[in-house]
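K.L.:
Feature annotation from TrEMBL assigns transmembrane segment to 45-67, 169-196, 216-233, 245-275, 295-326, 383-404, 452-476, 488-507.
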C-alpha cells in the first residue's frame, strides 16, 4: 500500500508518600528549612502536591502534544472516513476493524458472537478472534462508546484515538513516578518526562501507529514497573504492601491482555528477579510474590483467550514454575503458534543459514534488525545517552561490589559463621531497575522494534541517577571529595542545568513541528477501496498482501484470505501460498492455490512486484524464489542448488494478457499502484 504525506494547501481559517525513607544527608540539609515535626509533615505535603501536579501536567501535555502532531500530520479532522481508515496501516487497520465491527453490530451479544465465530478474517475458516488476537481493548472501548452519552459529540474514531493518546498521559506519568520513587525527588521525574518528549522519535511511535498493541500495553507495563519499584522498598506497612501487590497484579494483567508478546517481556522480567534473588540483592519472599503474580496474570489472560495454547506453552510459565517448585514444566502441548519466532532468533544470531520464508521475512525487515547507530547520535543530542552511561557505570560497579560481598558473605557463613557489612549499599528497587535496563538494552540492541521498551526506561534510569544522593555519594567518595553539601548541590544543579539545556535547544524545534501543517494523500488506495465497496459482492473473498488486506477488511468489510496477525502456523502457511502471486509459478498453479481458499479477487501491487526498497535477497520475490528452490532475479550470486524456474514471474506475466492467464484471471480494476483480477470458477 502506497501512502504519502504532502504539504497541506493553504486555507483560511521528595517525596511520594509518608512511607518513603529519606536519606540521612537530605534530612540534615533539607530539614533546616522547616523545623519541627509539624513543619516537616507540611513540607512533605507541599512537596507531594507540587510533584504530583507536575506529573499530571507533564502527562497531559505529552498527550496533547502527540495528538496535535497526529492531527497536523494527516489533517485527520478534515479527511474522509475512508482516508482515516487507510491511515491505520497494516495490522493497525485490522485491529481497528474489530472495534468498528462491534459498533456496527445490532446488539452487543451479536457483536460478541461475530468475534467468537468469525468467518470473514480468514476465508473458509471460522476462528475465535478473542482467542487468537489481543483485541479485548477494542471490545471494551466499543462497549464504552455504546453506553456513554457521547455519540452526539464524539465520532467513534476520535473516541478510539483519544483513548490511546490518553494512555500516553498515563505512560509518561508512570515513568515520572518511577524516577521519583528511585531518587526521592520529583525533579528527576520532570527530567525523565522531558527526556521522553525530547527523544520522541526513539521513545514512541504512537502518533503514526495508533492501534498497535504495544501502544496499549506499554503504559500498563510502566505502571507495573513503578509499582514493583515501590514494592521492593524495605519496611513497607502491611496495608501499603497489599495495595501495591494489587496494583502490580492489575497492571500485569492488563499488560498481558493487550499485547501478544507479553510473555517474552515478562520472561525477561522474571530473569531480572531470578538474577537478583540468586545474588541476595532482593528479598526472597517478595520475589516469590512477583513470580506468582506473573503466573496468575498470564493464566487469567489464558482463560479469557479461551485457553490459548501459545500462553499455556509459554517459556514464562515453565520458567517461573521451575523457580518456584525447583523443576521444569514438561510441555505436552503441540505448540506451533510461536515457532516462527524461534526460527527467526536462530537465524538472526547465526545458528545456521535458513531458507525458511517466515524467518527471512522478519530478518529482512528493518524493524527486526540491529539498532542503528544513529539512534545513539539522537539520544546523545539530548544528553540522555551520556547521562545514562554515567549512571549505568556507577550502578554496575556498585552492584558488582554488593554481589561479590553477598556471595563472599554466604561462603563465610557456611564455613565459619562470620558476616560482614558491605561498604557499598544498593537498594533492592535500584538493583531491580538496573538489571531491567541492562536486559532490555540487549533486547533493543538486537531488535530495533523493541527499542521503545528500553529508551523510555533510559529516561527513568538516567534521571534517577542524576538526582540520586547515593550515586553522587559513591562518585564523590571515590574521588575523595565527599561532602553532604556537595551531594545536595550536585543532585539538584546538574538536573536543572540539563532541563534548561533541553528547553533552550528543543523548544523552538517543537514549536516549529507543531506549526507544520500537512495532509494525508493516498489517492490510489482510496480509489481501490471505493471501487471494492461499489463493484464487488459483500461476501467476496480477496487475496493479496497482508498489509493491504487489513485495510480492505477495515474499509470494505470484505472477507480475506490472509492478514498481518502472524501468530498462527496455519495462517503463515496460507500466506506463503497466497504470496505465490509474486513468485515464478504457472497461472494454473496460482489459480488452484487461490481458489483453495475461496478467493474471488486477487490484488497485485506494483510496489511489491517491482520492489526496490530492499536489497537483492531481501525483496519479497527473492524470499519466495529461494523458498521455492529458484534462482533470484538480477545480477548477483545464487546458491549452487537453486535452479532456474520453469515459469516466468506471475505478477509480471499476467499483465501481458496471454491466453493461459486470461483463461483464469480477468482484470477488473487498475490504477498506477494496484491491479485487481477476478478469478474464474473453472478448475
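Any Cβ shown, glycine's included, is placed from N, Cα and C.
In TrEMBL, annotation is done automatically, which means it is predicted and not curated.
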K.L.:
Taking a Cβ cut-off under 8 Å, which residues six or more beyond the ends of the transmembrane segment (245-275) line up next to it in the same chain?
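P.N.:
Long-range Cβ neighbours of the transmembrane segment (245-275): 133-134, 136-137, 213-214, 216-217, 220-221, 223-224, 227-228, 231, 282, 287, 289-291, 293-294, 296-298, 300-301, 304, 310-311, 314-317, 319-320, 323, 341, 432, 435-436, 439-440, 443, 453, 567.
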K.L.:
With CB pairs under 8 Å as the measure, which of the listed stretches 45-67, 169-196, 216-233, 452-476, 488-507 comes out on top against the transmembrane segment (383-404)?
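P.N.:
So the stretch in question is 452-476.
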K.L.:
Is the transmembrane segment (45-67) in contact with the transmembrane segment (452-476), using at least 3 Cβ pairs under 8 Å (sequence separation of 6 or more) as the test?
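P.N.:
Stretch pair does not touch.
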